[in-house]
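Report on the following structure.
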Amino acid sequence: GPLAGPVVAAAVVLPRDYVPPTSLNDSKQMSEGEREAVFEALMADKSVTKAVSVISAKTIDEINILQATLKGMRESCGALKPKAQYALIDGNKVPDEMESVCEEGAHAVVKGDTKSLAISAASVLAKVTRDRMCVEMDAKWPQYGFAGHKGYPTAAHRAALMQHGPCPEHRRSYTPVAQAEEKHAKKSKNK
């Protein structure tokens, strides 16, 4: 997964008669342009109930990526207005206390973004939100190239991390980031 940036989770409730954009699919199977177009269509559609939750890199470091992801899922489901009756969760684990945010709880669906339109829609909202945040991070810390790799551990990102050390958006609990931080701490001492 990414070495930098937040984890973003989204929840979507589609009306029974919803006609999806033709390109709606698992966000990982869509082009950036398709994701952007579907994102805009979902955001503009008043019949679609949606919520997005952003969990910071600092929180990921404090509670780990799985717990941060589950927290994001719980928060986004909890933010839905009106309250969702039941949630389908993408993955193999249901966040704790889902009964408090969904009247009848939740069910995990492995590869849910290929099996449920609502999960596909939520995956697009989450991915586009996170990608846009990475573009904002790139404006703040251009030396890392976040707009291109979106925080993922590409060769260029790893090289920039070793050259410049981590920025505040890097996940310090991740080994490559911790190694870069250690290298830069030693460099600072030797100056």
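Just so it is clear, glycine is given a Cβ too, placed from its N, Cα and C backbone atoms.
According to TrEMBL, the protein has these features:
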{"type": "DOMAIN", "residues": "1-186", "note": "domain 'RNase H type-2'"}
{"type": "REGION", "residues": "166-191", "note": "region 'Disordered'"}
Quiz item: Would you list the DSSP helix, strand and coil counts for the residues of the region 'Disordered' (166-191)?
Solution: 16 helix, 1 strand, 9 coil
Quiz item: Average pLDDT across the domain 'RNase H type-2' (1-186)?
Solution: 96
